[in-house]
Amino acid sequence: DFLCISLVNGFAQLRYNLGDRTVILQTLQKVHTNGNTWHLLNAGRIGNEGYLDLDGINVTQKASPGMNALDTHSDFFVGGVSSLNLVNPMAIENEPTGFTGCIREMVINNRELNLTVTDPKGGANIGDCDGTDCGYTVCKNNGTCQVGNSGFSCSCPKDWTGTKCEQSIHCSQNMCGSHALCIPQPSSFSYTCACALGWTGKYCNNKIRFYIAKFVGNSYIKYTDPFYGKRDLQYSRLSLNFTTNQTEGLIAWMGKSEDEDNDFLAIGLANGTLKVVINLGERISVPLMHRKYFTCSDGRWHFTTVVQNQTCVKVYLDEELILFEDIDPQRKYTALNYGGICYFGGFEIGRKVNIVTTGLFHKEFIGKIKDVVLFQDSKKIQLMKAEGYNIHDGNSGN
């Protein structure tokens, strides 16, 4: 399998093969080769339907029956490859040759790749294209860059300040402690402090310990599983206790959540009902809903366990088996490659649950979580030792 973007006789070309046939798309117009014109190129695929867009002019290859997953586990190359022998002969029209020109603002699956000296895994014979201290996106938040005798300076929009326009004016005089992030509130010309795990208070100066994590809606915990490399990912298990009086919310998400192709196991609430979704590969499984009774949003503690045995999923609620389903009898994908990452209550600040989960869950969790156990581990996860923000001590009043 491959996906390749190249220049052919002055035209931009996209080629991809998902295992059965090579699809070829070519732009309708040529690329300017005068060396001073920037072009915007969008290319990709949804299933086996491809699209190629150069400066707003789109070419689409309609989907047809066949493969619809890109199975590539190799490095991602930009501008050339370490050895031209690595290039599949079907990926390009002529003999492979490296790209000569400039590339900037490269976004893969909604994540920008930093084309810097330090971020890529490797490379060779790369220079700075801009040639000035301004470079690409030195000034943040739509700031304007000017080159001066002593480097660069940024002219910032009205709500931003700092040498690179990176700081909100609402946070310029903030009193948040060293264990906090300042979150600007432009509508009220103010700010709030987001407290790191283990800290609380208006300015996050009060140290706390907890065994029960209380989530207030803009909270999350991100736990990295130290035993991930030793797990048998065909037999996953997640159990926890939760309590809430809300009818919507993401309780737990096992998976990296970096792009839509990542495997995941998710537990949450929808309309007061327990909702479980598992994706073991190219497709998202049908969400598993428990419709028998609506008791999950009653403010009481509930114990839930989700067990994945290859493609068979069992869901227990308060010791009762409420769901048992084979999500893929064909056994095409049988392992939960979750990357050793578990989120509880939501995702990082600025990442909305409804966007990250593509609408599977609508809101961050408001309530309490305790007694989280992964797989058949003899010990509970120590949530205090994870990372996260805006977690309160839920021990009191239980």
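All positions are counted from 1 along the displayed chain.
Just so it is clear, glycine is given a Cβ too, placed from its N, Cα and C backbone atoms.
Taken from TrEMBL, the feature domain 'Laminin G' covers 1-129, 210-398. The annotation disulfide bond is assigned in TrEMBL to Cys102-Cys129, Cys156-Cys165, Cys176-Cys193, Cys195-Cys204. The domain 'EGF-like' feature in TrEMBL is assigned to 130-166, 167-205.
Features as recorded by TrEMBL, highlighted on the structure.
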residue : record         : Cβ contacts under 8 Å, 6 or more apart
Cys102  : disulfide bond : Trp38, Cys129
Cys156  : disulfide bond : Cys139, Asn141, Gly143, Gly162, Cys165
Cys176  : disulfide bond : Cys182, Tyr191, Cys193, Tyr203, Cys204
Cys195  : disulfide bond : His179, Ala180, Gly201, Cys204, Tyr389, Asn390, Ile391
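Listed by sequence, the residues of this chain that lie at least six past the ends of the domain 'EGF-like' (130-166) yet keep a Cβ under 8 A from its Cβ atoms are 104-105, 172, 184, 186. Residue counts for the domain 'EGF-like' (167-205) by DSSP state, with H, G and I taken as helix and E and B as strand, are 6 helix, 17 strand, 16 coil. Within 10 Å of the C-beta of Cys204 (disulfide bond) we count 22 further C-beta atoms, all protein chains included. Residue counts for the domain 'Laminin G' (1-129) under DSSP, split into helix (H, G, I), strand (E, B) and coil, are 6 helix, 46 strand, 77 coil. If you draw a 10 Å sphere around the CB of Cys165 (disulfide bond), it holds 21 other CB atoms from the protein chains shown. In the predicted model, residues of the domain 'EGF-like' (130-166) average a pLDDT of 83. Cβ packing within 10 Å was compared across the disulfide-bonded residues Cys129, Cys193, and the lowest neighbour count falls to Cys129. Using DSSP to sort the residues of the domain 'EGF-like' (130-166) gives these counts of helix, strand and coil: 0 helix, 12 strand, 25 coil.
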